[in-house]
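Copied from TrEMBL, the annotated features are:
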- 1-23: signal peptide (SIGNAL)
- 123-163: domain 'EGF-like' (DOMAIN)
- 164-202: domain 'EGF-like' (DOMAIN)
- 203-242: domain 'EGF-like' (DOMAIN)
- 207-217: disulfide bond (DISULFID)
- 243-283: domain 'EGF-like' (DOMAIN)
């Protein structure tokens, strides 16, 4: 027969230790006490110990231990490996155990263990004894009966080397990410602050923390805007507000004069005028109607734009004689009156301002009781600027 044939038989070794009042049963290494049956059963190390055999070796359980044999060698197992396997009925309950002397044998520890000072198999800390095969980029983690090579947080294992993980590639940060060996750092854009989670960013309300604007501050996402009150304009720095000179915008804001003020403007009128309700137009004050004049009783108050005049009484020039307060007559018996108008009537007339030109201001019509008489109309005074004419 080719290959290696091994028949493994099972033997049960039980040690009974006496104690005052009762018998205490213990099992040797490789066996475990079955409390139901009170028997020592073999431990299958091939199932309970990970990687009991390495390389091309295969684990074969045996009574009280195990063997590592080449995979190419066939192994024949005996049904007597476990005398209490399911193929055999359970044995009867044990009777009183006699007090046999303790049988000892040399203790051999499996791979990854060594005898300690108490003659027990204890785990070998390969990491502490520097008997591991982890490379410098890895860290050694001791396990029961062995060790593992792993990477620290922020690194991943690739072909036996621990390489830095670029966390920024996976979008760990909400805004700005800076990769560092074994870790990463999140920062935020201007106008944001980093939250306690170290990853997300929150908008900073600049208007509530410290108002940077001279007047009105409006918070925006990641920034802020400054606005100015009516009558002010925002300067180039986007923060300060300066007064707006409304009077420079147009010469027609006020009828007479525009006065600029902080954030606004107002109109004023010259002496003799009142400002109307529209706050821009001026209206002449009629001092003669309000009797706010200084004319004598003989004089006549005549209103003019912005002021008034006191007109003296009519004085008839020779050879005319005054027949009433505004009429002069040249007597017919006076030889000097032959080439002169028979009567002269003086009228003082005021006109409404703001009329368009040319325009008819008033009409006069005269009738006569004398045959052959005719009338001459003439502007005697008040037309120094020659704005008016008669037709």
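Cβ from N, Cα, C; glycine included.
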**OP:** Please give the average pLDDT for the domain 'EGF-like' (203-242) in this predicted model.
**Re:** 92
Subject >> DSSP state at residue 217 (disulfide bond), helix/strand/coil >> reply: strand
Original post:
Could you give the number of helix, strand and coil residues in the domain 'EGF-like' (203-242) as assigned by DSSP?
Top reply: 4 helix, 16 strand, 20 coil
